[in-house]
Amino acid sequence: MTKQLLMGNEAFAHAALEAGVRVVAGYPGTPSSEVIETVAKLHGEGAARGVHVEWSTNEKSALEVVAGAAYCGARTLFTCKQVGLNVASDPLMSLNYVGVKGGTVLFVADDPGPISSQTEQDTRRFASFAKIPVLDPATPDQGFAMMKAAFDLSERYRTPVIVRPTTRICHASTFFDVADKTDALEVPEEGFERDPKWIIFPRRAFEAHGEINDRLKAIARDYAEDPALLAFNPIMERPAPADGLAAGDAASVAPSPRAPRLGIVAGGVSGAYAREALRMIEESAATQGVEVPAYRFWQVGTPYPFPEGLAERFSQGLEQVLVLEELDHVLEDALLAFAGRTHAPFDVKGKLTGDARDRGENDVDDAAMRIARFLGVPHAAPAPPPVSYEAATDASLPVRPPVLCAGCPHRGSFYAIKRALGKTPAVLCGDIGCYTLGNAQPLDAVDTCLCMGAGITMAQGFAVAEPHKKTLAFVGDSTFFASGLPGVVNAVYNGHDITVCVLDNATTAMTGSQPHPGTGVTLMGAKRAPISIERVLEAVGFECIVRADPLDLDGSVAAARTAVEFEGPSAILFESPCIQLTRPDAPASIASNRCTGCKKCITEIGCPGIGFDADARGPKSRERGQAFVDASLCNGCGLCTQVCPFDAITMTSCASGGSCEAAPDAPSTEGGRHA
């Protein structure tokens, strides 16, 4: 064993390996991606022996890979972010009816905020919908233990089990004692055993539904009685001061002569926030000489099936209960239902009553404010840190939205499309990826974004409803394979007049540059023949397919016009590698004696590598100021040299970038990194 500082997701990977996982599959998505990447890294180093790990084409494929291995008795792990579970929902809903043989854990990371997602959906809701047990860690340490326990629980009841951390758990770091080397558990000698139960016919589904309901009751009892699972649901009590405990002390819950009347329930990471908030309140009260009333605290780590045995134990003698959780009012609903069924005389306060945040993340300070108000004790918000006079008097920095990187080839693709369309009425359907940022000014080239793969098929709906407009869909190369294929087939089959713009940067860029079927390499390093997007489009019946380098502006505009003017399904393949995968060229420079201060290089393409100095002066810009190149950001893509109408931007005049003076008759050098 070795003590290591690990991110939560890294620790989850170690826990799964120590539990003997043999097959790991998933699809990249923040905040879940590091789990699979850590397994792959450890396997590549020889520390994780016998494990197979892969980035599958999408979440549905990944879960089905896992299911097949689990039928054989292998311990398996599936990973995705919360919206990825939508893609995997078809096999998910049936898998619980069929059951599994090997321990099967579904690691689904939720994203309150959201920080990097299109929804704030709560996987605990999905768990109850699919009738699959879920574990909800409050800390990375607890998540490490939950991951191991989930495999045992899965095998005990032959059901998949969801582990649902949120972003702060996934990306927080702490120290763990982890094994130096791990070995995957062997598949049982009998392997897959043929049995009618593996085929989900309607009659079998009816029988299985009854088995699932019975199983959930048994699991709920285990949550309340099994010591390993009970540890995830600690209940603590602060008796009244007359009971002999000093302020801040806590004891295991037990009947007390002066039992609390107030209870606090917190689930997942909110449990950690609530613990810290209670400590702060106790310390603040002691400083002020204020008495904190008795209370009982329940940290819920097993929200579904709801452990009513623990709820009964927790609620004895309580009159009011405050619930803190992210995101939906799942525990609040469960407590209300429990109180209704058992006629328990306590009121429940939380999201539904306006006593807790109804969306977004919780935090310690907010939890402390709400808990103090609930307990009826004063609690001062923490004092802000001292600030310098300079910081206090400077104007506040504006909010900085995310932007495409300097030199991103997607910028050239969007700009070329806008140039090709001119004033032609058009709808530009976007998708999930870095290129969603094409909606920002000045590009303003994305009108819609719904979910992965939707751009292609939504474009077809627009084309039918508004045939007088040109309809284009942007999709990345990874998303094309993940969820774009049905859309392109549908376009051909139904003869929709759309143009599909594939932004092929040779990676899955937004989530960390993972490989995909078009890159020619798997996560485990095996070389494969890259699957050609062009050949796929040809095979399904696209008759107009043009290729372009988005950093060659004239060529891209010409290609876009060809595709857009074609009647029927057409495609443009914009091919240029992500700048994170390439070595930068020398930065561009702007000739001060040519720059007119027109700002076209800024207002047309919006590259963060170009700035504007309002105080700069030149023979042509005069009082208007001049543009300049930030050499620390510019990577020499050359797009700006093709946009400037005055040939003021060159790739060769100043090796160090920035601004310089060109000879009056010096020709402009266009181009850049064309890959």
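Using the three backbone atoms N, Cα and C, a Cβ is placed for every residue, glycine included.
What TrEMBL records for 586-617, 625-654 is domain '4Fe-4S ferredoxin-type'. Per TrEMBL, the feature [4Fe-4S] cluster 1 binding site maps to CYS595, CYS598, CYS601, CYS644. TrEMBL lists CYS607, CYS634, CYS637, CYS640 with the feature [4Fe-4S] cluster 2 binding site.
Around the Cβ of CYS637 ([4Fe-4S] cluster 2 binding site), a 10 Å sphere holds 30 further Cβ atoms from the protein chains shown. Same-chain residues that are not part of CYS595, CYS598, CYS601, CYS644 yet have a Cβ within 8 Å of the Cβ center of the [4Fe-4S] cluster 1 site turn out to be ILE590, THR596, GLY597, LYS599, LYS600, ALA627, VAL643, PRO645, PHE646, ALA648, ILE649. A gap of 13 Å separates the Cα atoms of CYS595 ([4Fe-4S] cluster 1 binding site) and CYS640 ([4Fe-4S] cluster 2 binding site). Between CYS634 ([4Fe-4S] cluster 2 binding site) and CYS644 ([4Fe-4S] cluster 1 binding site), the C-alpha separation comes to 16 Å.
Taken residue by residue with DSSP, CYS640 ([4Fe-4S] cluster 2 binding site) is part of a helix. Spatially close to CYS607 ([4Fe-4S] cluster 2 binding site) yet at least six residues away along the chain are ALA406, GLY407, ARG411, CYS601, LEU639, CYS640, judged by Cβ distances under 8 angstroms. Across the fold, the C-alpha of CYS637 ([4Fe-4S] cluster 2 binding site) and the C-alpha of CYS644 ([4Fe-4S] cluster 1 binding site) stand 14 Å from each other. All protein chains included, CYS595 ([4Fe-4S] cluster 1 binding site) registers 28 other Cβ atoms within 10 Å of its own Cβ. In the domain '4Fe-4S ferredoxin-type' (586-617), the DSSP tally of helix, strand and coil residues is 4 helix, 7 strand, 21 coil. Per-residue pLDDT, averaged across the domain '4Fe-4S ferredoxin-type' (625-654), gives 89. Between the candidate binding-site residues, CYS634, CYS640, CYS644, the densest Cβ environment within 10 Å is the one around CYS640.
The highest number of surrounding Cβ atoms within 10 Å, among the binding-site residues CYS598, CYS601, is found at CYS601. Taken residue by residue with DSSP, CYS634 ([4Fe-4S] cluster 2 binding site) is part of neither helix nor strand, so it is coil.
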